[in-house]
Amino acid sequence: MSVSTAVPLPSRMDPEQKRLCQQHLVLILHAYNCHRYRDPSKQCPLHHCQTMAEVITHMKTCPEGRFCPEPHCVSSRWVLSHYKNCHSLDCPVCGLWISKQIGHKIQPHQIP
């Protein structure tokens, strides 16, 4: 385990919170890498891919930061900030994703 500068997780994370955070991270990473994000004329069968692609596009120019009222902007920023800085294989949010993607983790400069 390495020391992490990740946005800290809540001190008590119930299984449902953990599942929702994991799902959010997977959806954001999928949407970022999906062909649909690059070419909106293409369709992706994954539910919410289009929504997350729109959130990513919004986040690139969002002036509100953590006070943005746009749905999913603030939570997506939190999940991405944590993911970008987390290196813990025991992390309840991204540990499984990190362990599956060792050597292939999207670099912080690639995500808005």
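Using the three backbone atoms N, Cα and C, a Cβ is placed for every residue, glycine included.
TrEMBL entries are annotated by machine, without manual review.
The feature domain 'TAZ-type' is assigned by TrEMBL to 14-97.
Taken from TrEMBL, the feature zinc finger covers 14-97. Model confidence over the zinc finger (14-97) is summarised by a mean pLDDT of 86.
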Mind checking how the domain 'TAZ-type' (14-97) divides into helix, strand and coil residues in DSSP?
55 helix, 0 strand, 29 coil
